[in-house]
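As structure tokens, the structure follows; a few thoughts come after it.
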Amino acid sequence: MRGPALLLALRALCALSALRGTARAVNNSGRWWGIINVASSTNLLTDSGSVQLVLEPGLQLLSRKQRRLIRQNPGILHSVSAGLQSAVRECQWQFRNRRWNCPTSQGPNIFGKIVNRGCRETAFIFAITSAGVTHSVARSCSEGSIESCTCDYRRRGPGGPDWHWGGCSDNIDFGRLFGREFVDSSEKGRDLRFLMNLHNNEAGRMTVFSEMRQECKCHGMSGSCTVRTCWMRLPTFRAVGDVLKDRFDGASRVIYGNKGSNRASRVELHHLEPENPAHKPPSPHDLVYFEKSPNFCTYSGKMGTAGTAGRACNSSSPGLDGCELLCCGRGFRTRTQRVTERCNCTFHWCCHVSCLNCTNTQVLHECL
């Protein structure tokens, strides 16, 4: 009896250790998100003629490779932080009417425990934050904010019968390369979660790339536009968020695939396969997940869900923002509040605007 009991205890201990190790690995994969609170606009400090890295508290959350990348690209820290801030705002906008509305908190793991799960929401978080870094860095290059990159000047010469390449194209290639080196370096291991995170990181970057658009400026007598100068411009980040939100809704559930044990092609051995064999394998643009999402209806410290109690809902909507769905069938309360706003504004020449104060009564519905 003692032998089997000891064996079971050892197995349980090993399982617990593995779970703890997984939790640490998951938390580390998103530690760099903590730099969102880095306030400085530069990562450089000149001291006695030498350039040194500012020891911001948030930088302690970065890996050695990430700190090296920041050091090698003066000015890029602000771009990374700005890109992450854009990603958070976009995430909260896209999910503002959902049970999970992309809540954030102070601290290194700004998205909370939901990133410990392999669900759709985690997939979107990784994709949108990766896209945010790529988008912000590419734009900063063309703005001259980063010392190690400039506009993309590779497109030069004739582009068509009535236009040619010129101007300052946003440097999407530098943005993608830096984003891959910086963001992906926080992922460790070869398990399903590792593959999922890397796939969604790349999907975010590819979305920024695929949404690039050509812009042109006309030249000619009296605006005749006989010749046009064109360049490549980044999409708005709202456009990136819209595309990723559509891919969130159509995300592919995957399992861990293994092609064999050929050491010569070890990188290709581990891959993602659709859970349903009848489905097509996910494309590089698709978001992937491997775990069903919680219902997000109630608070759970273990799951990292805040619940929907107290959330504002639309009593007349049959959609996801409606009280029936958002409140998970628990019902809702109705209250009124008086709001004073500026109204009936008039412009007086020159240059003054006068307004009245109007008080309105608003009807609010909140989930129980």
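Glycine is treated like the rest: Cβ placed from N, Cα and C.
Given the structure is predicted, the values throughout are model-derived calculations rather than measurements.
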Among Ser79, Ser210, Ser222, Ser252, residue that the record in Swiss-Prot marks as O-palmitoleoyl serine: Ser222
Sparsest-packed among the disulfide-bonded residues, when each Cβ's other Cβ atoms within 10 Å are tallied, from Cys297, Cys313, Cys343, Cys351, Cys358: Cys351
Cys345 (disulfide bond) versus disulfide-bonded residues Cys141, Cys313, Cys327 - nearest by Cα: Cys313
Candidate with the highest Cβ count within 10 Å, taken from the disulfide-bonded residues Cys230, Cys327: Cys327
Alpha-carbon distance [Cys323 (disulfide bond); Cys91 (disulfide bond)] in Å: 22
Site of maximum Cβ density within 10 Å, from disulfide-bonded residues Cys328, Cys345: Cys328
